[in-house]
Amino acid sequence: GKPICGETCFKGKCYTPGCTCSYPVCKKN
């Protein structure tokens, strides 16, 4: 399945591949 970008981003970094930080959560790149 595709990664879900819903984690909170810390210092502009997202742990899920293909996601970017749109504070305060990660969004699909």
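Sequential numbering from 1, following the chain as shown.
Using N, Cα and C of the backbone, Cβ positions are placed for all residues, glycine too.
For Cys5-Cys19 (among others), the entry in Swiss-Prot reads disulfide bond, with the evidence type sequence analysis. According to DSSP, Cys5 (disulfide bond) sits in a coil region rather than a helix or strand.
In sequence order, Cys9, Gly12, Lys13, Cys14, Lys27 are the residues near Cys21 (disulfide bond), counting only same-chain partners six or more apart with C-beta under 8 A. Annotated disulfide bond per Swiss-Prot: Cys9-Cys21 (among others), in sequence order.
For Cys26 (disulfide bond), the same-chain residues 6+ apart in sequence whose C-beta sits under 8 angstroms from its C-beta are Cys5, Gly6, Glu7, Thr8, Cys9, Cys14, Thr16, Cys19, Thr20. Annotation comment: Swiss-Prot describes Cys14-Cys26 (among others) as disulfide bond.
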Number of Cβ atoms other than its own within 10 Å, given for Cys14 (disulfide bond): 21
